[in-house]
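As recorded in Swiss-Prot:
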BINDING   68, 69, 70  acetyl-CoA 1 binding site
BINDING   229-231, 236-242, 268-273  acetyl-CoA 2 binding site
DOMAIN    2-138  domain 'N-acetyltransferase 1'
DOMAIN    141-292  domain 'N-acetyltransferase 2'
């Protein structure tokens, strides 16, 4: 029977082992990074023998989000439906549940609970061989790498302005930066900042206009990631997104990685156009479901 836990789960390692078991069976991870990090957090969580559901409720309020996993040995018994239904009740009105890979069993659970798709997130990939040369920076802009915590305030400002609409990427605070710069995968040499170096009113010397945060997602398989690309409103329309993305791709290629991935909203036509021109194509599809 599913149990709601308000506080840390008893054995986070066992939950992560369950996640790894499901990923090996399905070929795709059942929990996103945010939810994997949250396994060791204060919750709320929904736990059961052979299953787990994480719940994220935004600090500023608004609809929560749910992700769930069921061990291969416990499937076909209604456990997934029980976990998701319980977690959605805790998450509150308007909450969504993510189906990573949008696999058939997840779609079946959604249908039984009367949920319909409300959002699609695409995983795009491309090989890191045969990259086009990185474009030159426009006049009045230089690109450098992360210099440490002194850059954090500007990073947060640009991130939150660029992603004010985004339910996960927007609304970051110092804790989100610290959590990621403290992660094992973080490399300051892979965080690229576009800095205004002109004298115009919209690009005073030293102003951060955009950044590209890269990630070595899986060194064992040679997979890198375009983790975050953000351009400040005053930097848009100048090709900075393409410039920063290209610089980061060359950095990942120099790390001897084979492939790079990124995530983009399925309805973000402008970003999809840019990434398609950069040689990316769809690899995975992730769908959020909610009550109509």
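Note that Cβ sites are derived from N, Cα and C of the backbone, with glycine treated the same way.
Worth saying up front: this structure is predicted, and the values here are computed from it rather than measured.
Taking 68, 69, 70 as the binding-site residues under consideration, the smallest Cα distance to residue 268 (acetyl-CoA 2 binding site) is found for 68. Residue 241 (acetyl-CoA 2 binding site) carries a helical DSSP state (H, G or I). In the domain 'N-acetyltransferase 1' (2-138), helix, strand and coil residues by DSSP number 46 helix, 37 strand, 54 coil.
The two recorded residues residue 229 (acetyl-CoA 2 binding site) and residue 69 (acetyl-CoA 1 binding site) have their Cα atoms spaced 29 Å from each other. Looking only at Cα atoms, residue 231 (acetyl-CoA 2 binding site) sits nearest to 68 among the binding-site residues 68, 69, 70.
DSSP gives residue 268 (acetyl-CoA 2 binding site) a coil state; it is part of no helix or strand. Each residue in 18, 22, 30, 51, 52, 53, 67, 71, 79, 80, 83 lies on the same chain as 68, 69, 70 and has a C-beta within 8 Å of the C-beta centroid of that acetyl-CoA 1 site, without being one of the site residues.
It is 38 Å from the Cα atom of residue 70 (acetyl-CoA 1 binding site) to that of residue 241 (acetyl-CoA 2 binding site).
Sorting the binding-site residues 237, 239, 241 by the number of other Cβ atoms within 10 Å puts 241 first. Closest in space to residue 68 (acetyl-CoA 1 binding site), of the binding-site residues given as 237, 241, 270, 272, is 272, taking the CA atom of each residue. Its Cβ taken as reference, residue 68 (acetyl-CoA 1 binding site) is surrounded by 30 other Cβ atoms within 10 Å in the chains shown.
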